[in-house]
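Below you'll find the structure, written out as structure tokens, and then a few comments.
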Amino acid sequence: GWLFRRVTACGKRSGDSKRQVILFILGFCVCQSGAETLHYSLAEEMERDSFVADIAKDLGVPVNQLAARKARVVSEGSEQLFRLNQNTGVLTAKESLDREEICPQSDTCKLVFKIFFENPLQLIRGQVEIRDVNDNSPVFPEKEMVLKILETASPGSRFPLESAQDKDVGSNGLQNYSLGSNPHFSLAIGAGKDGVKYVELVLQQQLDREEQEELNLLLTAIDGGSPPRSGTAQVRIVVVDANDNIPIFEREVYEVCLAENSPLEHLVVRAVAADPDEGSYGELRYSFAQTSERSRQLFQLNPATGEIRVAGNLDFEEAKTHKMVVKATDGGGLSAHCKVEIEVLDMNDNAPEIALTSLTASVPEDAPPRTVVALFNVRDRDSGDNGRTECSIDGDLPFSLTPTFDNYYELRTAAALDRESTAQYNITITATDWGTTRLSSRENMLVQLSDVNDNPPEFTQEIYTMSVTENNSPMLRIGSMNATDADAGKNARVNYALVRQEGKEQPEVSVNAENGDVYVLRPLDYEKMRAFEVLVVLVRDRGHPPRSATASLAVALVDGFSEAHLRVSEEAPVADPDGPLTLYLIASLACVSAVFLATAVAAVVVKVRRARRSETETLPTFPTIATESSAGSLPRSYVYDVCFAAGTVNSEFRFLRPLFPCFPTGLPPGPGEQRSSVCSQDVANVGEEGD
């Protein structure tokens, strides 16, 4: 107690941060030593939510730390009997507690609980002793007991009576017996080695059947409570005629060892008595006397043979011994008694039980080795080696188990973790006992790894090459840059940005910060700038601290398809002929060429059809040569169809002049004359004169 008060005083003077450090050191020492235990007591049958203790005050922990550190109380076993208020630090009972129901076989009833803190992990033991109150009266197994006593019984003879049972313990338990006033009998009260009181009738005065055949006595059992409680039973004495011999058992005490997994109907012992009398006086009947109700449920006695057999499921963990009294009564009412003491042997019939106490919701992937992930307890209800346990982790996982105390284990990290390779671990804990036939149980724990920003973004390419046709529209999208990040959440979300260097002009492009799309800011002129590089593109994630990567961007300015292909081929870096980029470029070029060829063929077909239709519909009919020679030189009409391919680099066409025959006289030939060769100056190149 001095240690808690001393540490608390220092913590208040030094501030909250020092208090947490001191409490962590104190909790660590308590967990390692296991010697510091909180002791409390509570009377049974108190109403629910009854006050048990002020845990915060006793531990010297500020109340605001209880909720901050997720303090909670855990009772041993499956039923949680106590509740810890994190706002006040008060420990209360969840329900009204009945000592006789919780600890039916024990004189003392102590309930063990543990208080757990997190941030950092801390465990403190405590126990509450349930004090007995006098809420049960002594009860006899039967309301009436019948004794047949031979009238020749000598004074001083003793006759055992059924003992009363009182579920209370200590001073509240059975303390004394009293017998109604009568001239023949008195009571003798004794106690066995186990402290259980027994009562016997002692004959004080000789009986005379002819004078009185029956006597009715009132037997009262009294406990030591305040006020005392009592229970009564009638004792009816039947006086019988003389029976010279009483039954005699072979032994006064029968001691038997019995395995707890013994099957039903298994023979335990034969408690046999003999009576030398003949007739009905020599016939014996066997029955239980001074035997608890539970023992009567677990064992059955054959009234004719005295054989005791198993009638219920024995459990070493419930009761290690059973004590019974067997009564043999002959036909004349004479009886004898023997004791049967059965020791139950423990068998490995209980598998270990794993109870998870605390499990961290998620573990950072950069957690150092030996970081505590979970705390759990292993319990085996068997004894000796049958109750001794060991724990292991199934599979080759980066975790280890560290035993602490009182069968508690810590699950710790054993190696470096990487969320990108394994995001979660399904850990199977196996607990095995040391019995001859080893029993085991398993518990699965799912451990999630939380992401830390330990991976930088990566571009899909080191260099991106894009092209744009001159006189483009502003904010024209010309391509996209893509980067990925192996992390998760905000650590994997990336932003793109152009890195501007001092002394350099503002770049002609911009990059969308969210998706990496590349845009040309303004119209470009091929004659002024044929290509430019965007000096570096930076991609950065949103982790803390952020991580980044860079890539280069080259832009080629072209004024046609051919020169675009040429410029890209000349300025792009040499690609791996077997790489995916080369395949993509070849496929793209093939697709564009096919589209272009199909367009050109379609255009030619359309033009030819138009020309034929024009000749048949609009062209005039020319006169024959003879007519021409006779009429002189007539004007001729010529129609020229000129086609230009879209995107042609140098626009050029030739204009064909009319073909005139060359005559020596400079006149057209007459009838019957032959044409001379065509003049050499029949084609005029007008390509340089403009469109």
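Glycine too: its Cβ is placed from the backbone N, Cα and C atoms.
Residues annotated as compositional bias 'Polar residues' in TrEMBL: 674-683.
Helix, strand and coil residue tallies for the domain 'Cadherin' (82-140), in that order: 4 helix, 26 strand, 29 coil [DSSP]. Positions annotated as domain 'Cadherin' by TrEMBL: 82-140 (among others).
Annotation source TrEMBL lists domain 'Cadherin' at 141-249 (among others). Secondary structure of the domain 'Cadherin' (141-249) per DSSP (helix as H, G, I; strand as E, B; remaining residues coil): 3 helix, 54 strand, 52 coil.
If you look up TrEMBL, you'll see 250-354 (among others) marked as domain 'Cadherin'.
The annotation domain 'Cadherin' is assigned in TrEMBL to 355-459 (among others). In terms of DSSP helix, strand and coil, the domain 'Cadherin' (355-459) has 4 helix, 55 strand, 46 coil.
Here the domain 'Cadherin' (460-575) has, by DSSP, the following mix of helix, strand and coil residues: 14 helix, 48 strand, 54 coil. Residues or ranges marked as domain 'Cadherin' in TrEMBL: 460-575 (among others).
What TrEMBL lists as region 'Disordered' is 670-691.
Residues or ranges marked as transmembrane segment by TrEMBL: 21-42 (among others).
The transmembrane segment annotation in TrEMBL covers 583-606 (among others).
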